[in-house]
Amino acid sequence: MDILKKIEKYREEEQRLKWEGTFADYLEIIKENPMVAQSAHSRVFNMIKDSGIEEIDGRKKYSFFDRELFGLEESLERLVEEYFHPAAKRLDVRKRILLLMGPVSGGKSTLVTMLKKGLEAYTLTDNGAVYAIKGCPMHEDPLHLIPHHLRDDFYREYGIRIEGSLSPLNVMRLEEEYGGRIEDVKVERIFFSEDKRTGIGTFSPSDPKSQDIADLTGSIDFSTIAEYGSESDPRAYRFDGELNKANRGMMEFQEMLKCDEKFLWHLLSLTQEGNFKAGRFALISADELIVAHTNETEYRSFISNKKNEALHSRIIVMPVPYNLKVSEEERIYEKMIAESDVADVHIAPHTLKVAAMFSILTRLKEPKRSDIDLVKKMRLYDGESVEGYNSVDVEDMKKEYNDEGMSGIDPRYVINRISSTIIRKNMESINSLDVLRSLKEGLDQHPSISSEDRERYLNFISAARKEYDDIAKKEVQKAFVYSYEESAKTLMDNYLDNVEAYCNKNKLRDPLTGEEMNPDEKLMRSIEEQIGISENAKKAFREEILIRISAYARKGKRFDYNSHERLREAIQKKLFADLKDVVKITTSTKTPDEQQLKKVNEVVARLIDEHGYNSTSANELLKYVGSLLNR
């Protein structure tokens, strides 16, 4: 389907969704679907809920945020369950300004943009449909037409509560255009759009001396004031401020705390009473979610100013910290790179992971337990299993600091350094070492890093390098061991025979001489030590292997090289330890013999086919690991 056909199809769909009728027709719609009359907060909550909620380990995960926000599950759960959900149920939190507070590039703006774009799409669905009085610049709720003294009767009949009063303009239109006949008032379906300023508004502070309150509440229309003769005639007023246009939806208040105080006082009345003052009119009702964002420094100075006390209680603060999981940070970088023009550059496996490790280390706070260092903490936070620790330890660590993740290196800095590496090297391939080098060089140019932080960050780069060294060795180890797969299987079978004899207190028979002999303790320990099985734990480990073999046998399956992850790792490490010399020779010899060359080519092919390297990065990895082993 070409683009013009898609445009035509979209236009047809838009026409199909349009609806216009009288207030009487609208009442029939809400009788069938009361969701249509929901509040702004309820609409936002239902939009998030309708995208899907999954429960993982007792935590709620919202599909709505999945595409753009990574590693913020706990913050998002808190935001939805402590603000949107109770606000949708008409509880008192809906009378608060939602203030997202967090470090730069932490996802605050992305979160707000997602809510805005989400609402635009949601109002195109049946559940998110919004109807308004036709011709109203504030797209007012048609239910405001019902007089206050009849609203209790309406609630008993429809089960819908009505809040707010008809705006001055619509009061006049009702009398002049419809002769006071509410049932004849024209109602239309509207679709939220930030571009068309329908249901979504954005207010950004500028110079306090030149910025006018009219930006928020609208202004006198000088082109019609001569015609209507009075400033208090609503027809001589332009209801085009952000608060007017964001009615029924949401308004983003950018850098709210930088705003002049006179702008903030309007928000007090709007959040608490659901109305605001504009021109020479009665209070104007508005139903909108107000979202603001700021950083921690500005928030602290705002709180310390006694003049702002009345606003403090009208604000609900939601911290949006940096992500603290390596795997999720990696996804952030992948997304940012995919959106750029360098998406075709080959980035060697683990490059983004190593950059993510550095970022996360800068954001973590030193654990209070002496037996856990930052690298272990980083692994545990990422869901890796670290021997001797469990999920309870992770939860305890998370409770140690309330502000963990509110400082550290931001994702944009890392992406800038990766971009710089790609552009400077002008190559088709970059690896972890290139990026670590670039991160190190960039620290001097980072404006907000103190000399003390710089020292810490250099240590974190070294820590990330050590982690990469281990990853690189393992990667080459796997590729080499595959080439010696038969040796691995033989070693495995040999180990299992010995374990079986050990556990059953039997002897083994020598295949050549036929003599009986004791299980080979030296062989078993040389394998078990590779994965840290202590002398005291060896019996339990061997028995567990035997139980696993029996369980497989009962199901008619064969226990093989891939059946036990830790044992496979131990076999690989043992074999690699035995093969180290081969790796050293094949990677460091200037002129390898034919046999060695064949082996190197096999390993390179394996790295390319199964591990995601290209020819350049695979050869660089081999050389690097060879140099590590030669140290």
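Our numbering is plain: 1 for the first residue shown, then up by one each step along the chain.
In case you wondered, yes, glycine gets a Cβ from its N, Cα and C as well.
Under the heading phosphothreonine, Swiss-Prot lists THR217. Around the Cβ of THR217 (phosphothreonine), the same chain contributes GLY241, LEU243, ASN244, HIS266, PHE276, LYS277, ALA278, GLY279, ILE284, each under 8 angstroms and 6 or more positions distant in sequence.
Taking a C-beta cut-off of under 8 Å and a sequence gap of six or more, SER219 (phosphoserine) has these contacts in its own chain: ASP212, TYR237, ARG238, ASP240, GLY241, GLY279. Here Swiss-Prot flags SER219 as phosphoserine.
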Structural state of SER219 (phosphoserine), classified by DSSP into three states: strand
